[in-house]
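S.K.: I'd like to ask you about the structure that follows.
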Amino acid sequence: MEGVSALLASCPTAGLAGGLGVTACAAAGVVLYRIARRVKPTHTMVNCWFCNHDTLVPYGNRNCWDCPHCEQYNGFQENGDYNKPIPAQYMEHLNHVVSSVPSPRDPAQPQQWVSSQVLLCRRCSHHQTTKIKQLAAFTPREEGRYDEEIEVYRHHLEQMYKLCRPCQAAVEYYIKHQNRQLRALLLSHQFRRREADQAHGQSFSSSAVKAPFQVILLRALAFLACAFLLFTTLYGPSEPFTPGAALPPALPPGGNSSAASDNTTSQAEGWQQLLGLLPEHATEKLHEAWAFGQSHQTSIVAVGLLTCLLAMLLAGRIRLRRIDAFSTCLWALLLGLHLAEHYLQAASPGWLDTLKFSTTSLCCLVGFTAAVATRKSTGPRRFRPRRYFSGDSASLFPSSPSLAVPYPSVTSSPASLFIPTPPGFLPLTKQQLFRSPRRVSPSSLPGRLSRALSLGTIPPLTRTDSGYLFSGSRPPSRVSPAGEVSLSDYFSLLSSSFPASPLPSPAPSVASSVASSSGSLRHRRPLISPARLNLKGQKLLLFSSPGEAPNTPSSSEEFSPPNGSLFIESPQLPQRNHTRDTKHTMEMRSMLARDSARSSHSIKKEDESSQSSTCVVDTTTKGCSEETTPWKARVSPSLVRGLLAVSLAVNALFTSAYLYQSLR
């Protein structure tokens with residue numbers, strides 16, 4: 001050590017360089033040792049090119065691996081192509097079908113709900129969004145067949161992305177709840193619109209019934225023209241404005257001659273005194289007007305007819321009255337009589353003068369009535385019900401505000417009306433699941449309506465409160481194993497109906513829709529016109545007679561209409577036992593015979609006890625039989641009114657003829 005110290009003291013630079021060299025050699029040795037003893041990584045984190053998800057893969061497969069999220073292969077060359085051939089790109093049998101139904105090996109996971117305001121779970125909501133996006137990005141193979149191809153593609157997506165059973169039950173329950181609210185809203189809207197129409201009609205009629213002043217003036221002018229014609233007919237060729245003129249006799253000849261002459265003399269003196277009060281030029285004008293009118297009677301009749309027609313046109317359709325039309329007809333008849341007299345100047349018959357005088361008198365009377373009665377009668381109109389569709393019949397609307405049913409207010413926001421808050425259905429699972437379904441008796445009102453309104457299919461005699469208008473409108477449910485009750489069946493049990501059938505639902509029928517609304521059948525109109533029913537001559541036995549006891553079958557009996565109007569369609573299931581099928585056939589035949597006998601007995605009993613007329617509803621619009629129809633139903637009200645008008649005209653004609661003969 002002493003020698004080394006002496007050497008370093010004699011050469012300090014060499015000692016420093018030697019120390020640095022030793023340190024460098026030691027560091028290099030350590031680095032080489034670490035490189036030699038380095039352990040290669042077993043896994044590495046890679047990023048998917050397609051879905052951008054990070055995945056941990058073995059280190060050797062960092063450029064050839066399948067993404068577990070999108071199932072796409074990631075292995076590329078420098079030019080961007082795949083680094084190996086992929087047969088699944090061009091071989092169909094190597095691809096598996098993509099479906100939203102979870103595989104059986106996946107563990108059952110609890111439902112994840114987005115929020116309390118969304119009916120669908122997170123998975124079903126994502127599937128709905130996917131369907132919408134795929135439909136939006138759809139490109140047809142042929143542009144001319146776009147509609148057909150997109151319908152097929154939509155059906156394919158519906159089959160691929162089906163809703164889970166809880167979501168399907170929730171959607172059906174929500175649709176039912178929404179239909180109830182919208183039905184009540186529509187009913188309230190129709191009732192308020194009817195009240196508004198009635199109020200508007202009353203205000204409009206009160207303002208429009210009063211005739212305008214021009215119409216009243218024209219009616220008065222027509223009456224004055226007819227009165228002038230009547231006076232010219234009474235005076236004849238004489239002139240009342242001459243100094244020695246007298247009034248026509250007011251009493252018929254053959255009575256007390258002295259009293260009649262005294263009365264005529266007093267009237268002539270009074271008329272002369274009245275003419276003396278008028279100035280001379282006024283008397284001359286009256287004389288000229290009288291002479292002109294007496295020589296132009298046909299023109300005055302034409303002017304009166306035109307005046308009546310103009311008054312009717314100015315009055316309009318609302319103010320048109322029967323008396324105006326009758327007055328116009330009388331003016332037309334009077335014009336025809338004057339024209340006939342004008343063309344028969346050589347030999348004018350005596351009956352023509354009598355008929356002309358009678359018509360003029362009647363026209364004067366009718367014209368005076370039309371001129372005085374300036375307001376149309378505003379009596380209460382008889383309500384004419386209208387036919388409403390989509391389930392809201394006119395008989396549902398109350399006829400008075402006191403009978404109105406309280407409905408939700410329409411003044412609220414549109415979102416709360418047409419998108420109501422979905423009711424909670426998960427707490428309902430605590431209630432009793434299995435309830436005994438109600439069996440409707442064939443003798444009850446739904447059974448009778450189902451038997452009368454059947455169109456050839458078997459109607460279920462239970463309520464189908466599933467939110468659909470017809471029982472066949474709901475989609476067919478999937479077959480479930482025995483002992484398994486779905487959530488949709490549970491909601492159908494809560495609404496007092498049968499569980500969803502494992503078989504496809506039948507076609508929509510009117511009878512099932514009638515049976516679905518059995519609680520309000522007395523206040524609804526049928527959904528189909530009676531002219532289109534096919535009842536094959538059966539009587540519509542909706543209500544039993546007072547002395548008839550309701551026939552309620554046992555729980556093992558099923559309803560079957562008689563006379564073969566309906567046929568039983570048994571579901572086509574696999575045959576298990578021939579003896580069981582034979583026994584079932586015998587039971588069905590016995591039920592058919594028993595129900596037929598019961599129906600014929602009820603029909604015969606009702607025919608004996610009922611004294612009212614029965615109406616047979618057929619496939620055509622024939623009413624009741626002619627033997628039971630009263631005579632008042634055959635005679636229309638218009639015919640009765642016409643007979644009354646003819647009787648009034650004949651009476652007035654004979655009265656005018658009598659007056660004319662008496663005055664002459």
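Yeah, the Cβs are placed from backbone N, Cα and C, and that goes for glycine too.
Dumping what Swiss-Prot says about this protein:
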COMPBIAS  245-261  compositional bias 'Low complexity'
COMPBIAS  508-520  compositional bias 'Low complexity'
COMPBIAS  578-587  compositional bias 'Basic and acidic residues'
COMPBIAS  595-608  compositional bias 'Basic and acidic residues'
COMPBIAS  610-628  compositional bias 'Polar residues'
MOD_RES   Met1  N-acetylmethionine
MOD_RES   Ser441  phosphoserine
MOD_RES   Ser444  phosphoserine
MOD_RES   Ser450  phosphoserine
MOD_RES   Ser454  phosphoserine
MOD_RES   Ser466  phosphoserine
MOD_RES   Ser477  phosphoserine
MOD_RES   Ser480  phosphoserine
MOD_RES   Ser529  phosphoserine
REGION    245-264  region 'Disordered'
REGION    502-522  region 'Disordered'
REGION    544-629  region 'Disordered'
TOPO_DOM  1-214  topological domain 'Nuclear'
TOPO_DOM  236-297  topological domain 'Perinuclear space'
TOPO_DOM  319-322  topological domain 'Nuclear'
TOPO_DOM  344-356  topological domain 'Perinuclear space'
TOPO_DOM  375-642  topological domain 'Nuclear'
TRANSMEM  215-235  transmembrane segment
TRANSMEM  298-318  transmembrane segment
TRANSMEM  323-343  transmembrane segment
TRANSMEM  357-374  transmembrane segment
TRANSMEM  643-663  transmembrane segment
S.K.: Short question: most Cβ pairs under 8 Å with the transmembrane segment (643-663), which of 215-235, 298-318, 323-343, 357-374?
M.R.: 357-374
S.K.: What is the pLDDT of the topological domain 'Perinuclear space' (344-356) when averaged and given as a whole number?
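M.R.: Here the predicted model's pLDDT, averaged over the topological domain 'Perinuclear space' (344-356), is 73.
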S.K.: Which sequence-distant residues neighbour the transmembrane segment (215-235)? Criterion: at least 6 residues beyond either end, Cβ under 8 Å.
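M.R.: 248, 290, 293-294, 297, 300-301, 303-304, 307-308, 310-311, 314-315, 319, 324, 327, 331, 334, 356-357, 360-361, 363-364, 367-368, 370-371, 374, 663.
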S.K.: Taking helix as H, G and I and strand as E and B in DSSP, count the residues of the topological domain 'Nuclear' (319-322) in helix, strand and coil.
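M.R.: Its residues divide into 1 helix, 0 strand, 3 coil.
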